[in-house]
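Asks: Please find one structure pasted underneath; my questions will follow.
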Amino acid sequence: MAKSQLVSALFVFFFSLSPIYGDFDYMQLVLTWPRSFCYPRGFCNRIPPNNFTIHGLWPDKKPMRGQLQFCTSDDYIKFTPGSVLDALDHHWIQLKFEREIGIRDQPLWKDQYKKHGTCCLPRYNQLQYFLLAMRLKEKFDLLTTLRTHGITPGTKHTFKKIQDAIKTVTQEVPDLKCVENIQGVLELYEIGICFTPEADSLFPCRQSKSCHPTENPLILFRL
């Protein structure tokens, strides 16, 4: 709770300074299910939390207009020890790296900012970009939402059931992303929730095809 309140307070302060415009139509908050990300064992060097964690915040154009990546050459400035760094390590865990290495080198955060965050400039600078992603994550408790609809870790459900459960809180279509495990079973890997550039309302996501939505398959929510 304290970290969430801190993120909200920092968001209000820094966003009051420079509300300018970036050239994108919407942005997708991509949340990873750590149990699927860290399978098979040995892939992660952090204990996977039993909740969704941030992969990234991806600005983009509407369908048929292309995907935005590496929009500027702006450098990533490492976060120094303090409240923002602690919040990032809680909400945006660098699962592939030991904590000390992640905090020192910040590889995931650097990669996401260079690839996607630069496309939010000048509307959102680096600090605003990361604070915004964490604030948007706090808007939705997807794990509780899924559980409310009987979708619990270790069970399989259709694409439509998972999508409809998430729509009860987003009101707009989310983007489900899947991976196929070594047994050939589709697993829920990530959930994308889309927002307008101002982040003041939801936006229908462009749909990935990794979950084979037209076939409405059974998808494993890994325990």
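Each Cβ is built from the backbone N, Cα and C atoms, and glycine gets one as well.
The active site, proton donor annotation in Swiss-Prot covers His55. For Gln112, the entry in Swiss-Prot reads active site. Swiss-Prot lists His116 with the feature active site, proton acceptor, giving similarity to another entry as the kind of evidence. Swiss-Prot lists His55, Gln94, Leu95, Lys115, His116 with the feature RNA binding site. Feature annotation from Swiss-Prot assigns disulfide bond to Cys38-Cys44, Cys71-Cys119, Cys178-Cys211, Cys194-Cys205; the stated evidence is similarity to another entry. For Asn51, the entry in Swiss-Prot reads N-linked glycosylation site, with the evidence type sequence analysis. Among the features that Swiss-Prot reports, signal peptide is placed at 1-22.
Looking at the shown structure, can you explain where the listed features end up?
Replies: Of all the Cβ atoms in the protein chains shown, 23 others lie within 10 Å of the Cβ of His55 (active site, proton donor). Mapped onto three states, the DSSP output places His55 (active site, proton donor) in strand.
In sequence order, His55, Gly56, Leu57 make up the list of same-chain residues 6 or more apart from Gln112 (active site) whose Cβ falls under 8 Å from its Cβ.
In the three-state DSSP classification, His116 (active site, proton acceptor) falls within coil. Within its own chain, His116 (active site, proton acceptor) has Gly56, Leu57, Trp58, Pro59, Leu68, Gln69 as residues 6 or more apart in sequence whose C-beta sits under 8 angstroms from its own.
Non-local contacts of Leu95 (RNA binding site) by the CB criterion (under 8 A, 6+ apart in sequence, same chain) comprise Pro34, Phe37, Cys38, Cys44, Asn45, Arg46, Pro48, Thr53.
Using a 10 Å radius centred on the Cβ of Cys44 (disulfide bond) and all shown protein chains, the other Cβ atoms total 18.
Reduced to three states, the DSSP call for Cys178 (disulfide bond) is strand.
According to DSSP, Cys205 (disulfide bond) is assigned to coil rather than to any helix or strand.
In the shown protein chains, 15 other C-beta atoms lie within 10 A of the C-beta of Asn51 (N-linked glycosylation site).
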Asks: Could you tell me which of these disulfide-bonded residues, Cys38, Cys119, Cys178, Cys194, Cys205, has the fewest other Cβ atoms within 10 Å of its Cβ?
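Replies: Comparing Cβ neighbours within 10 Å for the disulfide-bonded residues Cys38, Cys119, Cys178, Cys194, Cys205, Cys38 has the fewest.
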Asks: So which of the disulfide-bonded residues is most packed in, judged by how many other Cβ atoms lie within 10 Å of its Cβ, out of Cys71, Cys211?
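Replies: Highest number of other Cβ atoms within 10 Å: Cys211.
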Asks: Across the listed RNA-binding residues, His55, Gln94, Leu95, Lys115, His116, what is the farthest Cα to Cα distance, given in whole Å?
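Replies: Per the listed residues, the maximum Cα distance equals 19 Å.
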Asks: Quick one: Cα separation, Cys119 (disulfide bond) versus Gln94 (RNA binding site), in Å?
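Replies: For Cys119 (disulfide bond) versus Gln94 (RNA binding site), the Cα atoms are 22 Å apart.
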